[in-house]
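Engineer: So Swiss-Prot says this about it:
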- 28-48: transmembrane segment (TRANSMEM)
- 97-117: transmembrane segment (TRANSMEM)
- 130-150: transmembrane segment (TRANSMEM)
- 176-196: transmembrane segment (TRANSMEM)
- 204-224: transmembrane segment (TRANSMEM)
- 265-285: transmembrane segment (TRANSMEM)
- 308-328: transmembrane segment (TRANSMEM)
- 351-371: transmembrane segment (TRANSMEM)
Amino acid sequence: MNSGIDLQGSFIETLQSFGLSHEIAKTIWLPLPLLLMIIGATVGVLVVVWLERKISAAAQQRVGPEYAGPLGVLQPVADGLKLVFKEDVVPAKTDPWLFTLGPALVVIPVFLSYLIVPFGQNLVITDLNVGIFLWISLSSIAPIGLLMSGYSSNNKYALLGGLRAAAQSISYEIPLALAVLAIAMMSNSLSTIDIVEQQSGYGILGWNIWRQPVGFLIFWIAALAECERLPFDLPEAEEELVAGYQTEYAGMKFGLFYVGSYVNLVLSALIVSILYLGGWEFPIPLDKLAGWLNVAPSTPWLQVITASLGIIMTLVKTYALVFIAVLLRWTLPRVRIDQLLNFGWKFLLPVALVNLLLTAALKLAFPIAFGG
């Protein structure tokens, strides 16, 4: 295993070469990861919104956005600015505190989840021993915000949408957690860094998707349900509930629900790429690349190049999954609420339990292949 990418050390070393002290250089570094996380997540959402509009247009043989910037790339920015400048209307009979707090509870946990997402061996803000379960626990907060928004709106459609969101989240959170447990069992860790490292050394053949194909499908289906993507968008079904829990919202509060939804979609695709598709792993290890170039692995410019390749690999896998999610929106019809709950409790949960037991048995029988 190579020593990995020490971006922090390279950054501090570069600043020290310009005459700054170690303490000042470290102080400059401290806010950068958090700032980069917020900017990166925001840019990622803008890209996904544009991609969804263009892919949806192609699926329906339309042109899609084309006037706001080249190929319509500024359309998501225009949509955001429009919502920012719209009036924030609060209906008279709502609970104003819960009505305002609901959208915040939807967005904040999703952004916090990016703290444990690695784009490289040391390209992560917080490498926690229970990182992947932190994501699961944070994702379970969002339905509380949706239920709070629906209840406080004093609207029957909004309340039904909030109740559906809570029921849907509870139904699919358990199979998702069981799929993660199978991966943690093979990796002997809940750290996202350790899970990616466990898949390294064998190129594409080392990815967990080959050892956990059923777990991959369970996780991906449950993640789409958590993101409320078609065919699981029951909480905001327009034909049945007007706009669900969003019915009484306007302006930026209305926009926050969509921000949370798209940020969660990108986050879910990132988690899938980390758990099952090798994360940032590049076919050429850092040590071998350094040997070919006849330089030390700790060389700052080599660290930057390797970090960039890791980020590119992670994003390619992530946006490939987002592309699949967008295509599914225009391929599958919406299910009924009873079908949704029956599928989660009567099919997905038993299959997830069997997959976990099978993984445990294979780990004992083939410890080398399954992380014994």
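Glycine too: its Cβ is placed from the backbone N, Cα and C atoms.
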Engineer: Please figure out which one of 28-48, 130-150, 176-196, 204-224, 265-285 racks up the most CB pairs under 8 Å against the transmembrane segment (97-117).
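Structural biologist: It is 130-150 that shares the most Cβ pairs under 8 Å with the transmembrane segment (97-117).
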Engineer: Residues of the same chain, at least six outside the transmembrane segment (265-285), with any C-beta under 8 angstroms of its C-beta?
Structural biologist: 2, 41, 44-45, 48, 110, 113-114, 117-121, 123, 132, 135, 180, 183, 192, 195-196, 199-200, 203-204, 206-209, 212, 215-216, 219-220, 223-224, 226-227, 229, 306, 309-311, 313-314, 317-319, 321-322, 325
Engineer: Count the CB pairs under 8 A between the transmembrane segment (130-150) and each of 28-48, 176-196, 204-224, 308-328, 351-371, then give me the winner.
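Structural biologist: By Cβ pairs under 8 Å, 176-196 leads among 28-48, 176-196, 204-224, 308-328, 351-371.
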